[in-house]
């Protein structure tokens, strides 16, 4: 007999699913399956089909019980959510009725010391969501001081990024920086803790995690893919947890929610009509009750929009000119 799956309560889950307004017979995508909280909620609302995507193999394995419980209405695919258009096509769903994305690291990943995401748990400095590609330890060992400083400043918004990078380079001359505790100790000597503020290593760990997993590039590509696969009237709901992610989502909806030329970064983009109607003029945030139950919800923001009948924007979702994982690892 299969064990009953753990009931995971997703951040802003009720609000996100309400934005999707699932209907019987609809096809929905949980683009960041994780512990399956959004998928479970969508399946419970109506007789829907859900395609769950996650690049973390352990998340997919953990979702098999929900697949069985759903009676075949849930399909799980191990892949990056930037590939959601190809995943949907492979599953026979050229268009879908709704997509939910919960961006960033999951609580499950943070709680596993051997995944190397948390400065609070000692473990190998890994941080990979998929288990493939360079680890955070590889980046720390091989990136130049300038690249490290740029990574930490851009993706972590750490004001002392240059000092942190300098300290990392000095430390690695003596011994490899191979564990989360070793890195946290290095950063804590440079970024001093202040009462009632975040841990000194928070921003550096965030930066390396985002960089190793190319999270912002993934988000940009996933949003563009969602625009292509949503049917008119289909809805996209995105939950983000820090300002970099939220800014990307906000700008995407703002750009797609108007006509005319593109942004100053992409002036060549022209739209005869908006491809999205924005449902959340201001982001939805968690209430005090949810924050008390789950402190991670404090920083969460939900934005949602409804697909119009206008053609998808001729935009490939190119990223801004921030540091590239491939270039940094080859010394470029």
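Positions of Cβ are set from backbone N, Cα and C atoms, glycine also.
Among the candidates 81, 119, the residue that Swiss-Prot annotates alongside 36, 37, 38, 54, 102, 109 as binding S-adenosyl-L-methionine is 81. The region 'Disordered' annotation in Swiss-Prot falls on one of the ranges 235-283, 284-332, namely 284-332. With respect to Cβ neighbours within 10 Å, the binding-site residues 38, 81 differ, and 81 shows the lowest count. Candidate binding-site residues: 36, 37, 54, 102, 109. Fewest other C-beta atoms within 10 angstroms, 109. DSSP assigns residue 102 (S-adenosyl-L-methionine binding site) to a strand.
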